[in-house]
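S.K.: The following block contains the structure, expressed as structure tokens.
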Amino acid sequence: MKEHIVDPKGTMVIECEAKGNPHPIFSWRRNGKYFNVARDSQVSMRRRSGTLDIYARNNPEKYEAEYQCIASNQYGAAYSHKIILQLYRPPVWPREIVEPVVVSAGLPLVLSCDPPPGPPKPETYWMSSSFPTMQPVRQDRRVSMGVSGDLYFSNVLFNDSVVDYCCNARFPYKNVIQQKMPVVVKVLTSECLTGIFWLFFSKARAVVEAAPTWLSPTGSSSSILVLQGEELLLECIAAGMPTPHITWAKDGEDLQVTSRMKVKNFNKMIQIPKASFEDAGEYTCTAKNRLGYAEHTITVRVKATPFWLEKPTNLILAPEENGRLVCRADGAPRPTISWFINGEPIETATPLPNRQVSGETLIFRSVTTENTAVYQCNASNQYGYLLANAFINVLHATPRILGARNEFIKVTEGSRTFLDCQYFGSPVPELRWSKYGQGNLEGNRFKTHSNGTLEIKHIKIEDQGTYVCVVSNIAGRDEDQVRVEVKEPILIVTRPQSMKVMRASDVRLECGVKADVTTPITTTWLKNKKHLTLGWRISMDESNLVITNVNTGDEGNYTCVIKSELEQKSASAHLMVMDRPNPPTNLELSDPYERTVRLSWIPGDSNHSPITEFLVQYDDDDWLPGKWRNLSTYPGNLNSVILHLIPFTYYEFRVIAINEIGASRPSRPSKRFQTSGARSEEANPWLIVFHCVFYYPGMLLVHWLCV
């Protein structure tokens, strides 16, 4: 039964729609009795609909009731599920004088919330009015909110007395938040009780310890009944000092937490969002501290509202035919099946000798037009019910082929072909397919489906022709024909080949095609699954693709697509463009020595042609920089080498990568590097006598003598 919450300040709407031929007439029941909508000035029914609009400006409470919609025409009546209309009432928390709560430190405390009930049920939370702002109450193993909305203290401490506590409730229908009057908690310590200063040090901070006892639920056992698919909440909140630890067991063994359940509220709650029968059993929660323990056993029973195993479906029967309606449902407990005819219990309906109830089945033998009606199946147990409508229509109808007539279709040889012949008639007509009206097509490559469609597998050229569909029963016959033309399929006889080419060369991707001469075809090319734009450099020669002066941007997957009105074929190839390598990057100098240094670099992309060697060049001219000279070449698998240099020289280096296509552009120069002097055994004499002769301005001749 569905609850429908409405705001009485506006228009209250209860929807009901149904189809039928003739269009149905709508009526309503309220609390099980006929509801005369026309005589109620505050209620109207929409045109060609059963939807009610209720304008309850006066006394809206009288419309809180159980409603059921009925749609009927000359063939019968269908009934909706029952709807309970509930009015939304603004929540009002009664103003009350709340006396302060006085409690001794170490004892348990429960602050009740008791919000207005709704509907729907509100969400509750607790705030503390600690200066200067309102703050949510901090919850932990000692302090937590229960399912009821009450705030539980396993034991109170002196710090709990410094705030006021406010219970807040949020009502989701209008998103309204209401607040209960705050409650003041005063915690008494031993100092307060004795009034003696020295006791404050000896006893004030010590509280009376206690073994665990239960705050919720109370006692040693309780039980919960939950419906299958609904939320199951198991809660155990204990008092005690020190604060008890909570553990859970099921049927005598430690509870195995599965993905279907959640442990919440500091182990005080087990939540199962959708309960199932396997969740039934005995759950034991244990609260334990160093002074002892307490146990509570919750017996969980899982029941189920009825659910369908097989719903009754509409039937169209010819006179003298047999039929049956099946109504199978299950639940816990198992539901009772009841049958109705146009909303009236079958036991009180006009008896018919050809109608019989047999358990979950309503049987009809040799039907007549008197059996035409809407039948309801009701499956109910103490937790709910199901209602299904099924229309039995007894009629005598000449066969009629539905849909387009005299179709002409073209198909491709080898394809699977379907010829449609949808039909109607009562009694159910016999159907026969033939070619040119001769024989009966069935078996091998031909199959007739229950809806009248003829399936031809791997159709051949010789299968083309005219196919005739004939439907017949005792009331007459009807026929239609379909003309079929079979075309040769598209064949790609020359497929494009993947290739690796050098930049600036020309490429031809071939796509040779064979197709039915009477079937026009179009050829398009795709690059990387996108349509390729043709131009002066990229063109088509018949169905082949020609690319001149290839560059690296032409690299990719190419697909030729051949399309006709019947089918589409495609073939693909990959084009790889080879080019000179990209220049090396990130030149670094390391391990400097007197006349050596290590040069490292990151090779650039080889552009599909392996790098065979690296050429290292240097520039050592401070007066005329930019004059690069070759230093040495190294194998293509190296990216770090030791360079041998001459002393007292400033160097810059660059690297060029080489493959079979050519040399890359030079890399960016390295940082400058200066070699130091030669080793001692190779050093110049340490004492030199110079003799200089000036030949003419701008020229000096120097002689030296080693001493």
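Even glycines carry a Cβ here, placed using N, Cα and C.
Automated prediction, rather than curation, is the source of TrEMBL annotations.
What you are looking at is a predicted structure, and each value in this text was computed from that prediction instead of being measured.
I grabbed these lines from TrEMBL:
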DOMAIN    1-80  domain 'Ig-like'
DOMAIN    90-184  domain 'Ig-like'
DOMAIN    212-301  domain 'Ig-like'
DOMAIN    306-393  domain 'Ig-like'
DOMAIN    399-485  domain 'Ig-like'
DOMAIN    489-572  domain 'Ig-like'
DOMAIN    583-678  domain 'Fibronectin type-III'
S.K.: Which stretch from 1-80, 90-184, 212-301, 583-678 shares the most C-beta pairs under 8 Å with the domain 'Ig-like' (489-572)?
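M.R.: When the Cβ pairs under 8 Å are tallied, 583-678 comes out ahead.
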S.K.: Of the listed stretches 90-184, 212-301, 306-393, 399-485, which one has the most C-beta pairs under 8 A with the domain 'Ig-like' (1-80)?
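M.R.: Against the domain 'Ig-like' (1-80), the leading stretch is 306-393.
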S.K.: Using DSSP, how many residues of the domain 'Ig-like' (489-572) fall into helix, strand and coil, respectively?
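M.R.: Here the numbers are 3 helix, 43 strand, 38 coil.
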